[in-house]
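Per TrEMBL, these features apply:
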COMPBIAS  1-12  compositional bias 'Basic and acidic residues'
COMPBIAS  16-27  compositional bias 'Polar residues'
DOMAIN    91-156  domain 'WRKY'
REGION    1-27  region 'Disordered'
REGION    44-73  region 'Disordered'
Amino acid sequence: MEGRESPQDLPDHLFASSSNHPGFSQAQDLDWVGDFFRHLPSNGGDGCDAGPAGEGSVTAGKEKRRKVVGGGGGCKAMKAAKPRFAFRTKSSEDVLDDGFRWRKYGQKAVKNNVHPRSYYRCVHHTCSVKKQVQRLSEDTSTVVTTYEGVHNHPCQQMMEALAPLLRQIHFLSKF
């Protein structure tokens, strides 16, 4: 690794350097780590792509989609729809620990529900992920958590858990 690879290449480097080690024979069970890093944005390019005719092609950039407008080669930024994921969890706690740090920025009474909906943002300075937390009115033991967007940074708790493994891989790569 020379320091110029994108975050998407990290799992390949980790698994390639650890595949010969007998203690890491279960690397295929850690595919979720690779999936996590592949969702991180790459640093190359501006996200603008001139299609076959130079018009109307759309590609995903970091947080916005860029669309080629006209034949002049200029890009116009459009707001992209962020992916949303919802989870139902049985819990007496309203806010569950998912490994990321959140800042509450609002709360609102919701129609036909006695429990308010709470709004949170990820506190990482470059991350724009939001989450909404609400308890169901029909089943007060169920909490619905909806995430909007994908984190563009690693989870601090996951990195702390992987730190010993990464140190061992780094040590073994010197041989």
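Yeah, the Cβs are placed from backbone N, Cα and C, and that goes for glycine too.
With DSSP states grouped into helix (H, G, I), strand (E, B) and coil, the domain 'WRKY' (91-156) comes out at 1 helix, 26 strand, 39 coil.
On the 0 to 100 pLDDT scale, the domain 'WRKY' (91-156) averages 89 in this prediction.
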